[in-house]
Amino acid sequence: MDWIVHQLRVHPELAIFLTLFVGFWIGKIKIGKFSLGVVTSVLLVGVLVGQLDITVDGPIKSVFFLLFLFAIGYKVGPQFFRGLKKDGLPQMGFAAIMCVFCLIIPWILAKIMGYNVGEAAGLLAGSQTISAVIGVAGDTINELNISPETKEAYNNIIPVSYAVTYIFGTAGSAWVLGSLGPRLLGGLDKVKAACKELEAKMGNNEADQPGFMAAARPVTFRAYKIANEWFGDGKRVSDLESYFQENDKRLFVERVRQAGVIVKEVSPTFVLKKGDEVVLSGRREYVIGEEDWIGPEVLDPQLLDFPAEVLPVMVTRKTVAGEKVSTIRALKFMHGVSIRRIKRAGIDIPVLAQTVVDAGDMVELVGTKHEVDAAAKQLGYADRPTNQTDMIFVGLGILIGGLIGALSIHMGGVPISLSTSGGALIGGLFFGWLRSKHPTFGRIPEPALWILDNVGLNMFIAVVGIAAGPSFVQGFKEVGLSLFIVGALATSIPLIAGILMAKYIFKFHPALVLGCTAGARTTTAALGAIQEAVESETPALGYTVTYAVGNTLLIIWGVVIVLLM
């Protein structure tokens, strides 16, 4: 054991990976629906490892923190700038005011309780579950004209206050928005009914949905032998597909075997005759039912031997950006292609007829390879799997953002700046937006983005925990149980105020009120709780714009809270 401790002291990088290993493991454990979460677990494990008196030198903490902030900005950049358009301004304005609540309430409570700068910053970070504030506030504290000892004391108390308030910040937010929120809107049944009403309005019904599919309802391809008298002396492919459409089934003829010859690319004017074998594609429940009408299903490996493709496509074409899904699916190039999924700022949004597709959205298409490829060219940029990250783009973005953040102005002799961390966030926002406009460069594959986001943040948190370890216990004794109660108030008051503001001032649809509030607070866990409570995915429609704004402003509040104190 002594040998292991010695090695961790000599090689502190191993202590960091020990912290990550144990922290991620504990963070995945759930007791019922409760989990500490990875970030809190990594912090607490880092504190325990820090009791071994391990010193982590060098800029490793800052390097990973900048990577994390750039990744955050990169993800939400397209949606952040889209919110500046007229139709996004109400949600953007709501999110900005909500974020002010999230700053002012912790600040007022910190003043009332007599907290110092570090305690106030930790209260903000934990109660609003915005871990990046730890680093941003720390950078700002280091620029203050105070003694090095005071700076160290403030920086060491931030993770203590964060850990005490984060648990209710996460679990409490889910409870306020998922349980209390519907009551504030007139009751759970009323909100459920409002969600169903919005779904119906947006096209979530059997008659309007045959062109769409959920992940649980995959596109399938089946072969049938034509036997129905309806075909008579022959029917064109377009006649058959129109017949399906009239019966609320969006099915397509993909291949035909006629007189023993396989026709691989079938034109709309191709004539189908009794005895032909046809391959139909579409939602599984519709395709399977055609055995009773067309004729018997046949097992023809040769006829069914063709590539089908699932392809994510970034929407960039002006001709489709801003259009409803129902409009896009009616376009000629969407023949044979279904939309399985839409992701916006990394969040899945409902695929409904009236859902508007924005530039920068990632739309997942399903169909035969040649039809999907043709549709992808008309929608935007095919985001094909790759293991290459454009590190020129990443490095340049962080460099430019960091240099901008390093610029400072002096007010009353106090230097004020975004800091390099705030600058990296701004750089990520701009470069993420730029990538959505010009997707031929700046590619960061989703797994790589996950690494930058999750490993970047948790590597930073691990070092913070290890550094704070020796003083953590004493700091916890000083803040005590009272900080937990103050944190609960700092979490709950802005959320309740946000719900009431969204309902009475902004007059959002009840289905969107809770999603907008969750987005402004960037609490994805609460969004899941809301959707589970109201039994609908529609709250996600209010989440993405407010999430982009909240993720930006709440991080910048790490600078502001220090200056206010």
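Just so it is clear, glycine is given a Cβ too, placed from its N, Cα and C backbone atoms.
Since this is a predicted model, take the numbers as computed values, not measurements.
Packing against the transmembrane segment (14-34) from elsewhere in the chain are residues 7-8, 40-46, 49, 52, 54, 56, 60, 171, 455, 458-459, 462-463, 465-466: each is 6 or more residues past its ends and has a CB under 8 Å from a CB in it. The transmembrane segment annotation in Swiss-Prot covers 14-34 (among others) and rests on sequence analysis.
Among the features that Swiss-Prot reports, transmembrane segment is placed at 36-56 (among others), with the record citing sequence analysis. If you look at the transmembrane segment (36-56), the same-chain residues 6 or more away from its ends with a CB under 8 A from one of its CBs are 5, 8-9, 12-13, 15-16, 18-20, 22-29, 131, 159, 162-163, 166-167, 170, 454, 457-458, 461-470, 472, 525.
Using a Cβ-Cβ cut-off under 8 Å and counting only residues 6 or more beyond its ends in the same chain, the transmembrane segment (92-112) has close neighbours at 83-84, 119-120, 123-124, 127-128, 486, 489-490, 493-494, 497-498, 501-502, 506, 508, 516-517, 519-521, 545-546, 549-550, 553-554, 557, 560-561, 564-565. Under the heading transmembrane segment, Swiss-Prot lists 92-112 (among others), citing sequence analysis as support.
Positions annotated as transmembrane segment by Swiss-Prot: 117-137 (among others). For the transmembrane segment (117-137), the residues of the chain that approach it from at least six positions outside its boundaries are 39, 61-62, 65, 68-69, 72, 102-103, 106-107, 109-110, 144, 153-166, 168-170, 173, 419, 421-422, 425, 457, 460-461, 464, 479, 483, 486-488, 490-491, 494, 521-523, 554-559, 561-562, 565, judged by C-beta separation under 8 angstroms.
Under the heading transmembrane segment, Swiss-Prot lists 157-177 (among others). Panel annotation: around the transmembrane segment (157-177), residues 34, 36-37, 39-40, 43-44, 47, 115-116, 118-123, 125-129, 131, 134, 137-138, 461, 464-465, 468, 471-472, 475-476, 478-479, 483-484, 486-488, 490-492, 495-496, 499, 514, 517-518, 521, 523, 525-526, 528-530 of the same chain, lying at least six beyond its termini, place a Cβ under 8 Å from a Cβ of the stretch.
The feature domain 'RCK C-terminal' is assigned by Swiss-Prot to 296-381. Across the domain 'RCK C-terminal' (296-381), the DSSP tally of helix, strand and coil residues reads 19 helix, 32 strand, 35 coil.
Under the heading transmembrane segment, Swiss-Prot lists 391-411 (among others), citing sequence analysis as support. Under 8 Å from some Cβ of the transmembrane segment (391-411) lie the Cβ atoms of residues 66-67, 70, 73-74, 143, 417-428, 430-431, 435, 441-444, 452, all in the same chain and six or more residues away from its ends.
For 414-434 (among others), the entry in Swiss-Prot reads transmembrane segment.
Per Swiss-Prot, transmembrane segment is recorded for 448-468 (among others), and the stated evidence type is sequence analysis.
Per Swiss-Prot, the feature transmembrane segment maps to 481-501 (among others); the stated evidence is sequence analysis.
Taken from Swiss-Prot, the feature transmembrane segment covers 508-530 (among others), and the record attributes it to sequence analysis. Beyond the ends of the transmembrane segment (508-530), by six or more residues, the same chain brings 37, 90-91, 94-95, 98-99, 102, 128-130, 170, 173-179, 181-182, 185-186, 190-191, 194-195, 197-198, 347, 494-495, 498-499, 502, 536, 538-547, 549-551, 554 to within a C-beta distance below 8 angstroms of the stretch.
Sequence annotations record features per position, and here Swiss-Prot assigns transmembrane segment to 545-565 (among others).
Below 8 angstroms of C-beta separation, residues 94, 97-98, 101-102, 105-106, 109-110, 113, 119, 123-124, 126-128, 161, 164-165, 168-169, 172-173, 176-177, 180-181, 184-185, 513-514, 516-517, 520-521 of the same chain, each at least six residues beyond the ends of the transmembrane segment (481-501), sit close to that stretch.
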